[in-house]
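Accompanying notes for the structure given below.
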Amino acid sequence: MGDDNDTDITEFILLGFSGYGFLQGHLFWGVLCIYVVTLLGNSLIVLLTLADSALHSPMYFFLRHFSVVEILYTTTIVPRMLADLRSSCPTIPLASCFTQLYFFALFGIAECCLLTAMAYDRYAAICCPLHYTTLMSQGTYTGLVGASYLAGVISGTTHSIFIFTLPFRGAKTIHHFLCDILPVLRLATASTFWGEVGNLFVTITFIFVPFLLIVASYACILVTILGVATSQGRQKLFSTCSSHLFVVILFFGTATVAYMRPQADSFGNTDQILTLVYTVVTPMCNPFVYSLRNKEVTGAMRRLMKRYLWGP
């Protein structure tokens, strides 16, 4: 497939993990297993938070939508990735690439905002318990979830507007396993200035700012926890927040390193491994850290099993 600098291209080649040779087979089965666990685990959380009245609180409302976004986020990437791992020359049509890019940005930014909303919910519950019902009214938590989805739509649309109008000729090899904005921009044959400005705007507004808000929320939570008189009280509060904090660090940490590395070092194997962590591994962790460390969720699971499996 030779490059023709005068011809508009109709598809991209996703280089992906082609340099891993025989390890691609192991990677295929590993990613497939992780994807199945992600779908089952997050679907279980959605089911539990809908079916059990004890989980009809703002915290689990956020968790349900977070699980839905995790399912959609991974599904945007993994099925195509699995098909490409079994292909000798993985290609993706231009329209499919832009569609993947749009939904990748949409669900990724929605996840960032939902994590921020969940941090605010924990802040309100732990630091302002007497005012929690006022701070986290039904209008507030539904509005925060709606705003998270809206932010994702704005992000995806912003990326799309800047990229869909660019011409692509000649080079068509994307050094990645998905269509992300920066690798695609590098292939455009026109100025990408506004595309990079748009990406910077989205990164600052929907990634850096949410991360700073989460850090501020947990700083306040930490101060409150240290002020609790009994060690049992501290342990309970730490247990409540540790699972959320784990997901936040894993997601924002790897994503930040991947996007903030120097351009000369980007789009190599290290960048792809980092992306693999926050797009594939993190969504799998969500149901485990929230269910195995949360007595209310495990209790709801037991009640659901008793009602439908062990009941009369």
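Any Cβ shown, glycine's included, is placed from N, Cα and C.
The topological domain 'Extracellular' annotation in Swiss-Prot covers 1-26 (among others) and rests on sequence analysis. Model confidence over the topological domain 'Extracellular' (1-26) stands at 73, taken as the mean pLDDT rounded to a whole number.
Annotated N-linked glycosylation site per Swiss-Prot: Asn5, in sequence order.
Beyond its flanks by at least six residues, the transmembrane segment (27-47) meets 17, 20, 63-64, 67-68, 70-71, 74-75, 78, 81-82, 85-86, 276, 280-281, 283-284, 286-288, 290-291, 297, 301, 304 of its own chain at Cβ-Cβ distances under 8 Å. Per Swiss-Prot, transmembrane segment is recorded for 27-47 (among others).
Positions annotated as topological domain 'Cytoplasmic' by Swiss-Prot: 48-57 (among others).
Taking Cβ pairs closer than 8 Å, the transmembrane segment (58-78) reaches residues 31, 35, 38-39, 42-43, 45-46, 49-50, 100, 103-104, 107-108, 110-111, 114-115, 117-118, 121-122, 125, 136, 140-142, 144-145, 148, 177-178, 279-280, 283, 286-287, 290, 296 in its own chain, all 6 or more past its ends. Positions annotated as transmembrane segment by Swiss-Prot: 58-78 (among others).
Same-chain neighbours of the topological domain 'Extracellular' (79-89): 1, 13-14, 16-17, 24-25, 27-28, 31-32, 35, 96, 100, 177-178, counting only residues six or more beyond its ends whose CB sits under 8 Å from a CB of the stretch. Summarising the annotation, Swiss-Prot assigns topological domain 'Extracellular' to 79-89 (among others).
Annotated transmembrane segment per Swiss-Prot: 90-110 (among others), in sequence order, evidence recorded as sequence analysis. Tertiary neighbourhood of the transmembrane segment (90-110): same-chain residues 9-14, 16, 18, 69, 72-73, 76-77, 80, 83-84, 148-149, 151-160, 163-164, 168, 174, 178-181, 184, 202, 206-207, 255, 279, selected by CB-CB distance under 8 Å and a gap of 6+ residues from either end.
Residues annotated as topological domain 'Cytoplasmic' in Swiss-Prot, with sequence analysis given as evidence: 111-143 (among others). Taken residue by residue, the topological domain 'Cytoplasmic' (111-143) breaks down under DSSP into 30 helix, 0 strand, 3 coil.
Per Swiss-Prot, the feature transmembrane segment maps to 144-164 (among others); the stated evidence is sequence analysis.
Taken from Swiss-Prot, the feature topological domain 'Extracellular' covers 165-205 (among others), and the record attributes it to sequence analysis.
The transmembrane segment annotation in Swiss-Prot covers 206-226 (among others).
Annotation source Swiss-Prot lists topological domain 'Cytoplasmic' at 227-236 (among others).
If you look up Swiss-Prot, you'll see 237-257 (among others) marked as transmembrane segment, on the strength of sequence analysis.
Residues annotated as topological domain 'Extracellular' in Swiss-Prot, with sequence analysis given as evidence: 258-271 (among others).
Per Swiss-Prot, transmembrane segment is recorded for 272-292 (among others). Within the chain carrying the transmembrane segment (272-292), a Cβ under 8 angstroms from the stretch's Cβ atoms is held by residues 16-17, 31, 34-35, 37-38, 40-42, 44-45, 63, 66-67, 70-71, 73-74, 77-78, 108, 176-178, 180, 243-244, 246-247, 250-251, 254-255, 257-258, 298, 301, all 6 or more beyond its ends.
According to Swiss-Prot, the feature topological domain 'Cytoplasmic' maps to 293-312 (among others). Counting only same-chain residues 6+ beyond the ends of the topological domain 'Cytoplasmic' (293-312), those with a CB under 8 A from a CB of the stretch are 44-45, 47-49, 51-52, 54-55, 60, 239, 242-243.
Counted with DSSP, the topological domain 'Extracellular' (165-205) comes out as 18 helix, 3 strand, 20 coil. Within its own chain, the topological domain 'Cytoplasmic' (48-57) is flanked in space by residues 63-64, 67, 296-297, 299-301, 303-304, which lie at least six positions past its ends and keep a Cβ under 8 Å from the stretch. Counting residues 6+ beyond its ends, the topological domain 'Cytoplasmic' (111-143) has Cβ neighbours under 8 Å at 58-59, 61-63, 65-66, 69-70, 73, 151-152, 206-207, 210-211, 213-214, 217-218, 220-221, 224-225, 237, 240-241, 244, 247-248, 251-252 in the same chain.
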